[in-house]
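The next block holds one structure in the form of structure tokens; read it before the comments.
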Amino acid sequence: MGLQACLLGLFALILSGKCSYSPEPDQRRTLPPGWVSLGRADPEEELSLTFALRQQNVERLSELVQAVSDPSSPQYGKYLTLENVADLVRPSPLTLHTVQKWLLAAGAQKCHSVITQDFLTCWLSIRQAELLLPGAEFHHYVGGPTETHVVRSPHPYQLPQALAPHVDFVGGLHRFPPTSSLRQHPEPQVTGTVGLHLGVTPSVIRKRYNLTSQDVGSGTSNNSQACAQFLEQYFHDSDLAQFMRLFGGNFAHQASVARVVGQQGRGRAGIEASLDVQYLMSAGANISTWVYSSPGRHEGQEPFLQWLMLLSNESALPHVHTVSYGDEEDSLSSAYIQRVNTELMKAAARGLTLLFASGDSGAGCWSVSGRHQFRPTFPASSPYVTTVGGTSFLEPFLTTNEIVDYISGGGFSNVFPRPSYQEEAVTKFLSSSPHLPPSSYFNASGRAYPDVAALSDGYWVVSNRVPIPWVSGTSASTPVFGGGILSLINEHRILSGRPPLGFLNPRLYQQHGAGLFDVTHGCHESCLDEEVEGQGFCSGPGWDPVTGWGTPNFPALPKTLLNP
């Protein structure tokens, strides 16, 4: 049956399911560890579904990102506005008309869009949703560190074939809330000795990365930073105030968040959320800070999508955003990954610096046809974000040089090819590293990550008014490098009349690690088998897929990144 016949029968197909296709045939639908099913959802219960509408001019958007992010380009720093981006990628009138008419015919009347018009979120009853999406069958699930409740379908859904040119995927059916990169160790026992520290605090970070008490925001510039929180994780103002009383006495700082975008819950504070806010605001001290709160319960079925839509609905945004969450690439559909990557590209075109944690599973490991392979994570593997790995002190209780934190995520994407900006650095690593794993374990031609690193081991956090030691993970290193260090550099750039850093990677790789401490010792974990025996990639001189170009050396890094 041809496309015209499918179009003529579009609304009858809502019920019949003929001329249908699966937008996400490769989406993994197995239940993640720690989640349990509570049974079928009530047919009259309401849920929200997010329809990702097909965008236009994505290739042109990619060209513009390259132009505004490359210091050698005459367009460098001339970022697009949200309205510019909307004009470029807005779905065609045919797409908007076709999808809206289809939804109205199905009874979906409570829908709202975003400024770019490429997402449409609708509230429907379970009964309506299952008729609209043949094959879907919604169940209640509970799980995750905060016992989050979600509604998902364990079965694949179909769309009318006539919608294939118009809809990338439907969010809110399969993907569970993303995982966090965070772990907590028992507190080590050590006898008190002069010069020792008993965990990473703002003063330890400032000492290691050469930040002085004067390296803080001016409080007068139009500078801001943000972190995103999911999984019903919330911070408490009282925890932030106590953290600053305990650890912020030797530098100027702000003791409250400037703005919360989304829904800030009233429940117990989460360690993840507390960590993000406290170290973002102590490394990037005295800089206006926003928190994006996307719990993924009532506001939207998929919290990460909810955050992306918030970015597409605000004209004036913080310059730097840090995110400490991710999923394995192989757990996500190609349609979802490619569309999210385009959303990250949109942010880069607008001059936003997005930093993602590289994860806490080293190179990762999974079995394909009985053979082990490394397991990259996304969005850490996106070519349009700056990914942050993790390090530890060489001597755990002294402020020394850094080595690899063995859990630091890193590797090579199985989805995205290697971007041109890192061609030289990655080629050099692959040709010179004496400790490469067998080639069958990784895709040597893929986007390689992380790009940079920072301390990720042994942090102090205040949560629910209790100081908690030895919290670790790239969830810790990301706000330190991203919001903190880069926001301070943006402060200097803005005060001198320059644009903010924007998408950092093209410039970062052109500088060949200038302004960073090179981390050259240590390897991260991987598959426990006879071939690699638990060892993934190892660090070495220059860029490597464990710590990237290294960790920040503040006096040198601003000099590198201030001009042009």
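Indices start at 1 and increase along the chain as displayed.
Placed from the backbone N, Cα and C atoms, the Cβ positions cover glycine too.
Listed in Swiss-Prot for this protein:
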type	residues	note
ACT_SITE	Glu272	active site, charge relay system
ACT_SITE	Asp276	active site, charge relay system
ACT_SITE	Ser475	active site, charge relay system
BINDING	Asp518, Val519, Gly540, Gly542, Asp544	Ca(2+) binding site
DISULFID	Cys111-Cys122	disulfide bond
DISULFID	Cys365-Cys527	disulfide bond
DISULFID	Cys523-Cys538	disulfide bond
DOMAIN	199-564	domain 'Peptidase S53'
CARBOHYD	Asn210	N-linked glycosylation site
CARBOHYD	Asn222	N-linked glycosylation site
CARBOHYD	Asn286	N-linked glycosylation site
CARBOHYD	Asn313	N-linked glycosylation site
CARBOHYD	Asn443	N-linked glycosylation site
SIGNAL	1-19	signal peptide
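Summary for the recorded positions Asn222, Asn286, Asn443, Ser475: the Cβ-based neighbour count within 10 Å is maximal at Ser475. The predicted model assigns the domain 'Peptidase S53' (199-564) a mean pLDDT of 93. In sequence order, Ala425, Lys428, Phe429, His512, Gly513, Asp518, Trp549 constitute the residues six or more apart from Gly542 (Ca(2+) binding site) in its chain with CB-CB distances below 8 Å. Using a 10 Å Cα-Cα cut-off from Asp544 (Ca(2+) binding site), none of the recorded positions among Asn210, Glu272, Asp276, Asn313, Cys365 qualify. Ranking the recorded positions Glu272, Asp276, Ser475, Val519, Gly540 by Cα distance from Asn443 (N-linked glycosylation site) puts Gly540 first. Counted within 10 Å of its Cβ, the other Cβ atoms near Cys538 (disulfide bond) come to 19, all protein chains included. Around the Cβ of Cys365 (disulfide bond), the same chain contributes His372, Gln373, Phe374, Arg375, Ser526, Cys527, Leu528, each under 8 angstroms and 6 or more positions distant in sequence. The disulfide-bonded residues considered are Cys111, Cys523; of these, Cys111 has the fewest other C-beta atoms within 10 angstroms of its C-beta.
Taking the Cα of Asn286 (N-linked glycosylation site) as the reference point, the closest of the recorded positions Cys111, Cys122, Val519, Cys538 is Val519. The secondary structure of Cys523 (disulfide bond), as reduced to three states from DSSP, is extended strand. The least crowded of the recorded positions Glu272, Asp276, Asp518, Asp544, judged by other CB atoms within 10 A of its own CB, is Asp518. Using CA atoms as reference points, the recorded positions Cys122, Asn313, Cys538 were checked against Asp276 (active site, charge relay system), and the closest is Asn313.
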